[in-house]
Each structure stands twice: as structure tokens, then as C-alpha cells.
Amino acid sequence: MLMIETTEGYDSLLSVVIWIAFSLAFLFKRREKVVLKKGHTYYFPLIEKELLNHDTRRFRFALPSSDHVLGLPVGQHIILSAEVNGKVVQRPYTPISTDIEKGYFELVIKIYYPNTHPEYPEGGKLTHYLDNMRIGDIIAVSGPFGKITYVRRNRFHLKRGVYAGNYRRVNDEVIVTKKVGMIAGGSGITPMFQLIKHVLSDPSDDTELWLLFANQSKLDVVFMKELNLFSAKYTRFHVWYTVDTVEDSTVWEYDVGLVTPEVCQAHLPPPEDSVILLCGPPVMIDSACLPYLKQLGYDSSRIFTF
């Protein structure tokens, strides 16, 4: 049986009790400020809407308070849901915001208008719904989802399952790397942009990042200003662009044409110990990126698609 015989001992015990109570209260409060919980659906109002180019918008949705964070692990995504013509439509999206930003989260979404894309002759059902949202309108969100998580500096956690190039991971795994290469096509930039912001915002994270960003034209390139500012400010971030076509009047100092093995070799980290992340149109990923990366000697167990 514990006997407390001195005031000093009593004070010490009391201090421990107070410290434990304070810690529990802090942790509980911290949990309260994180919104997302798997298996639940949440509803958020639209508070800002901005046209970034001819077919891409930025949407900002409010969280319950200015102290809340969405609570989405870096590398994972959410599902947006809405009723369109009497049917529930759901699509996955990766916010460009991170939990450093409190009180809101942001999505950048390409709008598929009718008769502008061969796969969507009637336009994208959910993107059309989002495009027509007004300030104050509500969207349903669930999550988090995804097999890839950037857990902390230099470390990715990967869930078991099938990955790029039909590589099968039989167990959950943590991969450590200081070299991350990214190939993004069009709106596939969003998970890359989230990761870039997260890594560069942490001075203790020495992960070096390479981004190869492919688009149809210069007008389609979103975040170019922000990415170039990152590149100028941080020596551990490298960015390069390639576009399918350039108009005669356009000033363009990067590549013109499709992603090629030569472009990959010039603007990605060397294969040894690197991780490569891919996000973009399936034809670009399956017919170009994966074969080229294999040709260049990259380890298929360290290539991941969002």
C-alpha cells in the first residue's frame, strides 16, 4: 500500500495527476478538432469558388470551426457525394490543402462540360453539379480512403493490395526514401501538390522532390506560379513541364510533346532507392509512364499510382 507522508511527496503526486489530466484533456480536445472519421459522412458548406482556367475551379469548404482540421492523412482522398437527377453520384478527390490550414479545406477540380470530352459526352455529372454550386450550398464528404499515406518525413505507409503495373503487395509495408519523383497529368496534380506542400512546410523533412507535370497546353497548367515559387525557394524541389502543343504566340521554355523515356530520365530522380508517384489519365500511366519507368530501371515495388 502506498503511503504519502510528506507534503513534498503529496505535491509531486498532485503534479503528476494534474499533468495526466491536462494531457488527457488536451488529447481529447485535439481529437474533437479533427473532422474525418472513417465510416461517417459529413456535410460542408461552400464558402469560396474561383475559376483557375477555362475548365478548372478551386472550391473552398468550411469546417465546423476555425480551429478544426479535416484530418485527412497526406496521400489519401475523400469521396464527394451529391444527388443528380434523382441518383446519388460519388467521385474521389484529393484536397490540395493540408492540416496546417485550419477551418476549411480546398479542392481543385476539372469541370467536364458537355461535348468537350469523348468519354463524357453529357459532361461530368458531379463536376457539373459542383460547377453550379452557390456559396452556402452543402456537399457530402466521407473518408479517408486510399492505400498510400505519407506518415512522416521520408516514410510512406502502404496497405496490402494491387499497385501500379499489377504489382501485388501481400502485407502492409513502410518504405523509407529521401528521393520522391512524381509524374502528374492534368488534374492528377492534386495529390502531388498536397504532398509537396506538406513536405516543404516541414523544415525537418529533407525529402527531395521531383515533379514532371504534363498537360495539353500552357493554358491547362494549374499551380504553375506556386510550383515555380516553391522551386525558387526550396533547393530540394525540382519541377519540369511538358505540353502537347504550344501556340505560336506562347512563350514556353519547357518541353513540348508527350512524356518520353528521355524526359523521365532528365527530370526524375535516379532509380536507386527512389519512390515514384503517378497520377493522370490511364492511357498516360499505362501506355507511357509504367513502360518507360521499367525501361529506365525503376523498381516496380516502389512505383505507386493515386
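Glycine is no exception: its Cβ is also placed from the backbone N, Cα and C atoms.
Positions annotated as transmembrane segment by TrEMBL: 12-28. TrEMBL lists 39-151 with the feature domain 'FAD-binding FR-type'. The FAD binding site annotation in TrEMBL covers R91, P92, Y93, V108, K110, K125, T190.
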Pairwise Cα distance maximum in Å, FAD-binding residues per record: R91, P92, Y93, V108, K110, K125, T190
20
What does DSSP say about R91 (FAD binding site): helix, strand or coil?
strand
What DSSP gives for T190 (FAD binding site), in three states, is helix
When you measure from the Cβ of R91 (FAD binding site), how many other Cβ atoms are you left with inside 10 Å?
17
DSSP secondary structure for V108 (FAD binding site), reduced to helix/strand/coil, please.
strand
Residue with minimal Cβ packing [other Cβ atoms within 10 Å] among the binding-site residues P92, V108, K110, K125, T190:
P92
Within the same chain, the residues at least 6 apart in sequence whose Cβ is under 8 angstroms from that of Y93 (FAD binding site) are H77, I78, I79, L80, L107, I109, T190
